[in-house]
Amino acid sequence: MPKGNCQLSIINCQSKKMNNIYPIFDKMLTRDDKEALLGQHGLMVWFTGLSGSGKSTIAIALERELQKRGLLCRILDGDNIRSGINNNLGFSPEDRVENIRRIAEVGKLFVDTGIITIAAFISPNNQLREMASRIIGKDDFMEVYVSTPIEECERRDVKGLYAKARRGEIKEFTGISAPFEAPESPALSLDTSKLSLEESVNRLLELILPRVKSNIE
């Protein structure tokens, strides 16, 4: 076979192999398929509030109650995000935006797989939370404001972060040297200085369970 024809044959063969990828994508499970298999809808439950307000405590208790009901869920918080995919980010305004953007993108992957995803981050302003909502999808985004007063957050602060911030040892500390914007219209507000952990989780379950179990075949 002439050299030119041989090269053309190789190119045609490679082209066919490349084109064979499309039938694979056609056979991939859709989100509806995955949710039907899991028996639940994906949802992002996004906790926002000051440091020490109770976000992570509620998130952990909520995850436990959802798991007891046979629902698949995943928590995203500072411990598993800042030490992992965001370990190269600091606390500059630009890095704070990128931190939330990455969290939202990862959260969207979980939600699109049908997983109830629980995010617990200060996310201190409406612009950041709106960005997260747009990335994940507004219909899949449930904003929960843990509205515990700053006085109670400081009283609980065993690490002394608020005291350090007031002494100027921690810069840009939300609630002290950096502002926190309360959500304008959260799906739920929880003041843990007035509500017990059980009461907070029960109020969340009342909102979440109908959404994640509706119209599942």
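Using the three backbone atoms N, Cα and C, a Cβ is placed for every residue, glycine included.
In TrEMBL, annotation is done automatically, which means it is predicted and not curated.
According to TrEMBL, the protein carries these features:
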type	residues	note
ACT_SITE	SER123	active site, phosphoserine intermediate
BINDING	GLY49, LEU50, SER51, GLY52, SER53, GLY54, LYS55, SER56	ATP binding site
DOMAIN	42-191	domain 'APS kinase'
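Positions of the features from TrEMBL, shown on the structure.
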residue : record                                  : Cβ within 10 Å
GLY49   : ATP binding site                        : 30
LEU50   : ATP binding site                        : 24
SER51   : ATP binding site                        : 23
GLY52   : ATP binding site                        : 23
SER53   : ATP binding site                        : 28
GLY54   : ATP binding site                        : 25
LYS55   : ATP binding site                        : 28
SER56   : ATP binding site                        : 19
SER123  : active site, phosphoserine intermediate : 27
How does the domain 'APS kinase' (42-191) divide up by DSSP, counting helix, then strand, then coil residues?
-> 66 helix, 27 strand, 57 coil
